[in-house]
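Written out below as structure tokens is the structure these notes cover.
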Amino acid sequence: MSLFKARDWWSTILGEKEEFDQGCLCVADVDNSGSGQDKVIVGSYKGYLRIFNPHPVKPGDEIQPEDLLLEVQLREPILQVEVGKFVSGTEGLHLALLHCRKLCVYAVSGTQGNVEHGNQYQIKLMYEHNLQRTACNMTYGPFGGVKGRDLICIQSMDGMLMLFEQESYAFGRFLPGFLLPGPLAYSSRTDSFITVSSCQQVESYKYQVLAFATDADERQDTEQQKLSSGKRLAVDWVLNIGEQARDICVVSFNQGVSSVFVLGERNFFCLKDNGQIRFMKKLDYSPSCFIPYCSVQEGTINTLIANHSKMLNVYQDVTLKWATQLPCIPVSVKVANFQDLKGVIVTLSDDGHLQCSYLGTDPSLFQAPKVDSREINFEEMNAEMKELQKIIREATKTQDILPESEKQRDVTVTAEVSPDLDEESQAIDSEVKAGAVPSVTVKITIQSRVTAQKPNLAVYVQAPLAVTCDQFFFDDLEPDSSETVVVSVFLKENCSPSELEGTCMVSYNIPTGIPRVSQCNFSLPLKLVCFPAQPSKAANHKLTIDTNKPPISFVTIFPDFVDPSEGDQANALGFQFLAGSKTTLLASKTSQRYRIQSDQLEDLWLVTKELIHRLEEHFKKQNCKDFTCTFSGSIPLQEYFELIDQHFELRLNAEKYQELLSERAVQFRAIERRLLTRFKDKTPAPLQHLDTLLEGTFREVIALADAAEENQANMFQAFAKLKSATHLVIMLISLWQKLSTDQTAILEATLLPLAEDTQELGWEETVDAAVSYLLRTCLSKSSKEQALTLSSQLSMPKDTSRLKKNITLFCDRLAKGGRLSLSTDSATQQAAVMPGGCATIPECDLEERTVIPGSTAMFASHEKTTKQKSKPGKKRKIMLFHSE
């Protein structure tokens, strides 16, 4: 007998007078939380299903109400519970319950709770199979080598194996020479079912043999065939163990090697795939259950074996490594991971004693407690308490110079956007060529909890949007007071914005003189920059967004753009931008797709963003958590590169205008000096047409200044279009590669590093440096690329060929499985994730992938770049005035 007891971490008693057996316990992340934390699933013969998430405050604490996630009573006894990929179309885990005459598969989902009582969990029946024969047990696995899903095999009491391919019944086969059912397991390495027959033999049947045998229901009328069920099954291998088996388990902790463990009445066997014995252990006790749980040393496997003497033994192959005492006789044992504690032993007894324990070295011996004979002096304790309270009061009076938490912020600012546009537009000096420019009202409220000195409110919206007033100054705010201002937002410049968001920021001083800042963001409606229009059938640019849910009527998700009289039949919607082209949104009637099309690439962005946002909000209200959007089309890189070239060409023009203005200004000042010298001369001399030259130079300076100003306006509009197209490309790449939130943030920081574009620091050189950095770190494929150094100075490039080449290579490596990361070990991680998938791209291949103006470069999902021959593009000419 062991001196050490199993350390109780968490335990509970299930129900009253309920019975449990070997298949009633299972541990898995059944709600697909992704945290790696297992849940305990227990089913009873009374039909109760319980799911627990143990998290005691300290080991040995009593069960808390929030530990029980779900408890439901089903109509039939639960013989076995299993968790696997049982539903087609998804690789999420689902719960399978085996009843006497029914197999049910449920989805377990949780809903975030709005109060402190925690989350709410529920089960949803995905499908069920009514059984023609009484079931005994079941097993599951990727039968036939299928990928990404599990099939189920049920053994009946009369020896029939019934196989189900998830929602459909596949076939049934009778085992030859059957008398009583035994334990059943599946070996994925050999694709075979292993059981122990009434002849005390371990038998293995290939799945292919079962599949090609005559169906069990197609029997002949002859007496012999009634006994043997059609075509007789051929056994793959047989091993006589000479005793009945309590359980079978197939494990594979080493690649390429799997073992079959059989727990007998007095012996413990470990077999190879072909039925040969690797080792066996004679037990001097009566075992109740077992589980092989890990391989600590190469070539060995650790196993937990419980017995009817309330002992749990830990074996490494045949060597006993540890023995511990349990409070009850378990009928099932599992190993689970909870919170930060891995390897928790979960045991279940036949009367419902569920315990989570771990191994420890506290001996189960009585130790007399130490006697403290010192008397307590209450007067000293009271004096010490008063002194501590005094220190606490003094500490609370001290002002802290650090920012307070969000919940205790002194001044809060909130912004409320009106759901409707202003009846009378408040647009001022708008350059939009449309007839009427709408505006929307934003109500901003400042609430002060303490005295706020010199509060200053700033309202910022991204150009080309503008506000009627962007600065407000207030008198000192008293405690528990508030101020409210109203502003209107409208489209000022003649181009569409890339973001429909704004920011309110309040700066103030607290009485101690410390400056503080509080801010909030607000979103503007789409109808501020566009209005409903007739859908267009033809367009130059088209995108298709795939979803996993049926299409939603536009009346539901776009009520502000659809006429209610059209009803649910509206599957086409038109958006006419105030400073852009018409964009059409189409919903497929037969598939789960939406198409967005427009004549301008940049005009697709806002409509696509709004569509995805409204779909997510709609399904969120429907309590649907599995809604996803994907993009499987081609990334429109060629059209994107055209916008880059247009923007860069305007930057080159700005640089040329600046040089010419500098030259004409020098020429103008030189002529002025000569004229001044002639006018000061006492003896008048002919001007030699210097006055005419001065006038001509002045006109050139004015013309160049006007041209530079017009070019600056065009460059602002081109940058706004480039930002919209960049947002669109980022969204398509994230949907295409299913990037996480962190990876999408890295992509946005890479392609959108600047809020404003200047000649000193432009978009092209900044993005080129950021993309080059990622190509040499997390997306590098060799140490040679990592060794390359980047230039420490950013300067305007001569052309955009290098930038387009890097963006093309960037998308190419993402298509091959690369992942974005800012960690230093990202290159090593990429090599581990993509073995042989992304070899180093030679310089010659890089040149072939270079996209030149006029060529086509599209990236489809997990496909190589397609190349087409380019046609010589037209270059723009700049007409400048020169003096002769």
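Cβ from N, Cα, C; glycine included.
The range from 371-398, 539-566, 595-622 that TrEMBL describes as coiled coil is residues 371-398. For the domain 'PTHB1 N-terminal' (1-363), the model's pLDDT averages out at 86. Residue counts for the domain 'PTHB1 GAE' (436-522) under DSSP, helix first, then strand, then coil, are 0 helix, 55 strand, 32 coil. Mapped onto DSSP helix, strand and coil, the domain 'PTHB1 C-terminal helix bundle' (739-814) counts 44 helix, 0 strand, 32 coil.
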